[in-house]
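A.B. asks: Annotations for this protein, taken from TrEMBL, read as follows:
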- 20-43: transmembrane segment (TRANSMEM)
- 55-79: transmembrane segment (TRANSMEM)
- 135-157: transmembrane segment (TRANSMEM)
- 195-453: domain 'ABC transporter' (DOMAIN)
- 543-561: transmembrane segment (TRANSMEM)
- 581-598: transmembrane segment (TRANSMEM)
- 619-646: transmembrane segment (TRANSMEM)
- 658-680: transmembrane segment (TRANSMEM)
- 692-717: transmembrane segment (TRANSMEM)
- 772-791: transmembrane segment (TRANSMEM)
Amino acid sequence: MIHTLPVYLLSNMRRDRLAADMFTVVANCILMQWTTQSIALFASSIFRGFPQASMFANAISLFLTMSAGFSLTHVPVWLRWLRWLSPTFYSFRVVATTQFKDRTFSCEGVTGVQLTQCDGNNVLRGLDFTLGTPLIVWFAAEIGMIVVLYTLAGLIMHFYKPGGVKHAPGRGVDSRGKESMLTGDMDIVRARIDVEVRNVSFKWSRSGLPFGLASPVEKQILSGITSVFPAGQVSAIMGPSGAGKSTLLQLLAHRKLNAGPGAHFSMTGEILFNGKAASDDVQNSVAFVEQEDEYHLSALTVRETLRYAAILRLPPKMSRKRKISRAEEVLIMLGLKDCANVYVGGPLMKGISGGEKRRLSLAVQMINDPSVLVVDEPTSGLDSFIANNVMQCLKDIARSGRTVIVTVHQPRSDIFHSFDNLLILAKGGHAVFSGRRERAVAFMESQGYPLPSIWFNPADHLLDLVSVDQRPGKMGDSRQRVEGLVEFWDAHREKQDMANEREKSELVSQPLVPESRFTPMYIAFPVVWERMFRNLWRQKEAFWGRLIQGPFTGVLLLAFYERLTFGPTAGQDRIGLNLQSTSAIPFVGLISGIAVFPQDRQLFMHEYRTSAAYSTTTFILAYSLMEIPFQFLASLLYTVFMNIAVGMQTSPRIYFEYAVTIWALHSLGESIAVIFASFFDAMGIAVSLVSTALSMIVQMSGILSLAVPFVLQVIAWGTPLKAAQRMQFINECQGLQFHCSASDITNGICTAQNGEQLLQLYGFIDRNTAKLAGIAVATAICWRVLGWLALTARMARG
Ligand SMILES: Nc1ncnc2c1ncn2[C@@H]1O[C@H](COP(=O)(O)OP(=O)(O)OP(=O)(O)O)[C@@H](O)[C@H]1O
């Protein structure tokens with residue numbers, strides 16, 4: 001509705017029966033969307049990977065749109081039957097019937113045979129419509145298509161189960177995650193850093209809006225927390241959901257927190273490292289392991305992932321050989337040797353197990369040999385064996401002198417017993433207990449809350465005590481209990497002596513951290529480019545999809561246009577070809593970008609927040625230089641089909657100008673994917689917004705519609721589409737002659753007798769095609785710069 005209502009009114013569609021016609025057009029648009037969705041569902045029931053499914057769905061849509069007789073008047077006989085399967089065919093009939101049926105246009109000054117075109121019913125007859133067919137028939141056909149496509153998709157998904165997930169090569173399935181962990185560098189002496197939080201309070205607030213439109217809001221996230229996390233031990237922060245565990249962890253790791261628009265955070269209290277406020281050096285010794293492991297590139301092996309991480313994270317002055325040997329050390333230390341040559345894997349390719357992935361994330365952070373390791377939910381989503389394995393790994397890391405701080409929501413009993421220290425938080429970020437783990441149960445008992453039985457999981461017991469029970473009748477008591485515990489701890493925390501648990505801390509070695517957080521471009525660029533390319537090369541569907549999708553679109557268009565003729569409809573056919581061959585390409589770029597970019601961006605964003613950071617410029621440059629060869633090759637091949645095989649006018653100059661503008665359009669689509677993927681994680685939004693935006697740009701570009709308001713004409717130069725369409729059209733029309741008989745001319749079939757007349761019709765006076773190709777390339781580059789700016793803005797937001 002948001003799309004159709006403004007389009008209906010702005011494009012001045014029929015007003016004499018406004019309510020009825022507008023309702024019909026909106027209903028038709030909804031059904032059309034639904035049919036398109038069912039095509040997408042059908043495509044993804046056959047191909048379960050995004051690159052193939054989107055390519056297939058795109059091909060079906062193009063096929064069905066072309067066969068509808070809308071943009072191409074002469075559909076080849078062997079493809080004409082396809083119109084009965086085309087939602088566009090039915091939809092076109094609904095819209096054209098509402099606009100032309102029983103309507104007479106004023107047509108001032110028009111005389112003779114042309115007058116026939118002023119009668120709407122004649123226009124419909126000219127389009128080969130049967131006037132007597134009620135609209136309900138076309139609607140029923142659209143609904144029928146939806147039912148058929150949903151049924152087909154359902155049947156295919158029921159009977160065809162390709163497994164969805166492929167197993168990565170490198171190892172048998174049974175041994176995943178079960179190998180024992182070796183510890184490699186546990187005897188290394190390193191900086192021991194005790195971490196201490198002193199009376200830390202943290203508040204989120206948003207100021208109100210003028211005129212009372214929104215009142216100010218405040219939320220206390222942490223309330224006067226005091227605790228010590230000693231070196232050489234595993235300390236866990238426990239508490240119910242929303243108690244502030246992750247927030248505290250992020251503060252300890254010096255992560256930038258995003259408060260959202262119009263809001264900010266404020267902190268009081270101190271976070272101390274060995275008793276001093278954190279200096280840059282010390283901050284660099286803190287590594288943060290996020291809960292999310294999905295940022296690893298799926299088609300790299302564990303060893304490759306660690307090697308690239310070592311090159312990016314270790315100081316530039318360290319030799320490459322030494323960096324690689326550090327990656328091997330960490331590989332052994334984290335017990336990943338057995339799966340060193342297995343692909344990491346992702347949603348569509350089973351690689352290493354969940355536990356191994358967690359250990360890989362730990363390993364990546366351990367590359368710099370940090371003194372403090374901060375880990376968010378290390379065991380969530382893992383089965384008991386693997387969770388224990390990961391905890392053992394963290395214990396070993398702690399025993400080598402590092403400070404390990406983890407958050408846990410509700411640990412199992414065995415996991416609970418592997419913690420040395422515990423900080424228990426209640427809702428509102430209040431501490432309820434902080435100290436040795438084994439004292440926690442006794443402390444609660446002293447408060448009148450003994451463990452119900454020796455078989456009871458102490459973690460469950462502690463968590464129950466600090467949670468407010470939301471059930472009716474239970475809330476009052478449980479709230480009172482939690483408030484009592486908070487008050488008691490506040491009043492007595494000074495007496496809780498944790499200092500005696502600490503071993504003597506001293507700074508004995510420097511961690512392997514680079515001087516600057518940012519890896520210089522000369523080191524980062526080749527590594528990031530090579531890593532992206534290798535990852536893409538191993539994902540054959542995405543790799544070939546990127547290369548083939550454009551030329552494949554060319555083959556489809558060739559099937560419809562066959563060889564261009566010089567008969568009476570030659571002008572319309574060329575207009576249609578120009579429109580289709582240019583407007584399809586940004587989608588090809590968009591789909592290629594969506595298949596690859598989000599994964600690369602996720603890793604970039606992760607690394608940006610750590611010691612592996614490299615600039616947005618490095619990343620966008622590496623990404624662009626990785627995709628440009630594909631785009632060029634695909635554009636050159638596409639041009640063979642469109643410019644040569646279909647029978648357009650050609651020469652070396654025309655061929656290259658055509659290919660260059662196709663590249664610009666392809667690049668536009670990829671840049672749009674970059675812009676959207678910088679802000680949204682759900683790329684579906686990008687596809688739907690972009691398709692609307694692109695169809696508007698196609699309408700503004702001056703080939704589909706002659707009467708475009710001046711402002712929109714100017715806006716249309718903002719994308720390469722306008723320059724590309726104009727350049728291709730000029731090259732095709734110059735010197736072209738059509739064969740039109742006298743009757744073809746009088747009955748209006750022959751819109752133009754030669755190319756020159758077509759160019760005059762469109763008012764294309766400046767015929768400098770090289771200049772137009774240059775404009776297309778320049779605008780494409782501007783769009784990539786916009787992509788870079790979008791990502792830079794996102795990174796600045798945190
Ligand atoms: N950017 C933010 N804007 C507003 N409120 C926030 C923001 N970040 C966190 N909070 C609030 O702070 C409180 C603590 O959140 P936090 O994620 O730290 O809790 P948690 O204990 O880690 O929860 P969980 O176990 O569910 O992850 C929550 O009420 C949350 O809504």
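Backbone N, Cα and C atoms are what each Cβ position is placed from, and that goes for glycine too.
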A.B. asks: Rank 20-43, 543-561, 581-598, 619-646, 772-791 by Cβ pairs under 8 Å to the transmembrane segment (692-717) and hand me the top one.
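C.D. replies: Answer, by Cβ pair count: 581-598.
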A.B. asks: Do any residues of this chain, six or more beyond the ends of the transmembrane segment (619-646), have a C-beta under 8 angstroms from a C-beta of it, and if so which?
C.D. replies: 525, 528-529, 532-533, 536, 546-551, 553-555, 557-558, 561-564, 577, 581, 585, 588-589, 592-593, 596-597, 600-601, 604, 654-655, 658-660, 662-663, 666-667, 670, 674, 784, 787-788, 791
A.B. asks: With contact taken as 3 or more Cβ pairs under 8 angstroms (pairs 6 or more apart in sequence), are the transmembrane segment (543-561) and the transmembrane segment (772-791) in contact?
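C.D. replies: The answer is no, given that the two segments have fewer than 3 Cβ pairs within the 8 Å cut-off.
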A.B. asks: Can you give the mean pLDDT for the domain 'ABC transporter' (195-453), rounded to a whole number?
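C.D. replies: A mean pLDDT of 86 is what the predicted model shows over the domain 'ABC transporter' (195-453).
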A.B. asks: Using a Cβ-Cβ cut-off of under 8 Å, list the residues of the same chain that are 6+ residues beyond the ends of the transmembrane segment (20-43) and lie near it.
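C.D. replies: Sequence-remote neighbours of the transmembrane segment (20-43) are 1, 3-5, 8, 13-14, 53-54, 56-57, 60-61, 64, 87-88, 91, 94-95, 98-99, 135, 139, 142-143, 145-146, 149-150, 152-153, 156.
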A.B. asks: Can the transmembrane segment (55-79) be said to touch the transmembrane segment (581-598) if we require at least 3 CB pairs below 8 Å and skip pairs under 6 apart in sequence?
C.D. replies: yes
A.B. asks: Quick test of the contact rule: Cβ under 8 Å, at least six residues beyond the ends. What residues does that give for the transmembrane segment (658-680)?
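C.D. replies: Beyond its ends, the transmembrane segment (658-680) has Cβ neighbours at 550, 582, 585-594, 597-598, 601, 620, 623, 627-628, 631-632, 634-636, 638-639, 642-643, 686, 689-690, 719-721, 723-724, 727-728, 731, 772-773, 776-777, 779-780, 783-784, 786-787, 790-791, 793-794.
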